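Enquirer: Pasting a structure below so you can have a look.
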Amino acid sequence: MVMAKNLTKFYVVFLVVLMMVVSLLLAIEGRPVKDSSRSLTQMRDSSMFNGSVIMSSFKPVESSVKDLSWLATVKQSGPSPGVGHHRAKGYKMFGRANDSGPSPGVGH
């Protein structure tokens, strides 16, 4: 009976440690959020997060609208979404097989 209590305590401690390790790995796995060209760690060390925000460092609204470098954080990798070659080109053929038959295979 004493061994069963020790074994239960071992499993509880093991599960708690495992959950802590998994949560730590999940927390450090993600990529840092980028603000223009600076990463989140650089932003955290900046004067904005230390409480000493300098008003002259703010950009005017016009330059913020023209500066579209923040769009680089939206898509960093992976396949491109495609421009228009997957759109339905002929609505008359929609719902029918255009060229039926077996596909020629990869690269043909």
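The chain as shown is numbered from 1 upward.
Backbone N, Cα and C atoms are what each Cβ position is placed from, and that goes for glycine too.
The N-linked glycosylation site annotation in Swiss-Prot covers Asn50, Asn98 and rests on sequence analysis. Feature annotation from Swiss-Prot assigns hydroxyproline to Pro102, Pro104. Swiss-Prot lists 76-108 with the feature region 'Disordered'. Positions annotated as signal peptide by Swiss-Prot: 1-27.
What's the neighbourhood like for these features in this structure?
Expert: For Pro102 (hydroxyproline), the number of other Cβ atoms no farther than 10 Å from its own Cβ, over all displayed protein chains, is 5.
DSSP gives Pro104 (hydroxyproline) a coil state; it is part of no helix or strand. Non-local contacts of Pro104 (hydroxyproline) by the CB criterion (under 8 A, 6+ apart in sequence, same chain) are absent.
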